[in-house]
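The active site, glycyl thioester intermediate feature in TrEMBL is assigned to 92. Taken from TrEMBL, the feature domain 'UBC core' applies to 6-158.
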């Protein structure tokens, strides 16, 4: 009989902690397929007082067998106008990369990753872009950047990305 990997124990615990603090950050997260904790889906609300503030962004999180020693693969499913997120949903965020180019380590949790993504929405980093054209707009014409980001948010990040049903992680623990 094979020994379960660390991820099968850790991810449900992290998910439970994240969902227990929903009232604080309003991030909703659940398995993409019921009972499969290797692939999660989160709804990350746009930060208040940002161009993304009324948006709800669907994000996929995939935990490989090497988790927590390797970062999860996190991608935006909802299209977004942002210098650090490309058209395929890839996110340029240091805690999603291993050193020396990143700062990921096994102490980083699902909650800290999703909160960091929310912070990235509030504070783009134009000096480390995945989309240099959007970074240039951000650096040289903030009003156009904010307008474009609001338009994308209104067009793509609507309430129809809400979870379809309530998910109770306690059922699986």
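Cβ coordinates are placed from backbone N, Cα and C, and glycine is handled just like the others.
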Spatial neighbours of the residue listed as 'active site, glycyl thioester intermediate' that are distant in sequence (at least 6 apart) but have CB under 8 A: 84, 85, 86, 125, 128, 129, 130
The domain 'UBC core' (6-158) [mean pLDDT, rounded to integer]: 96
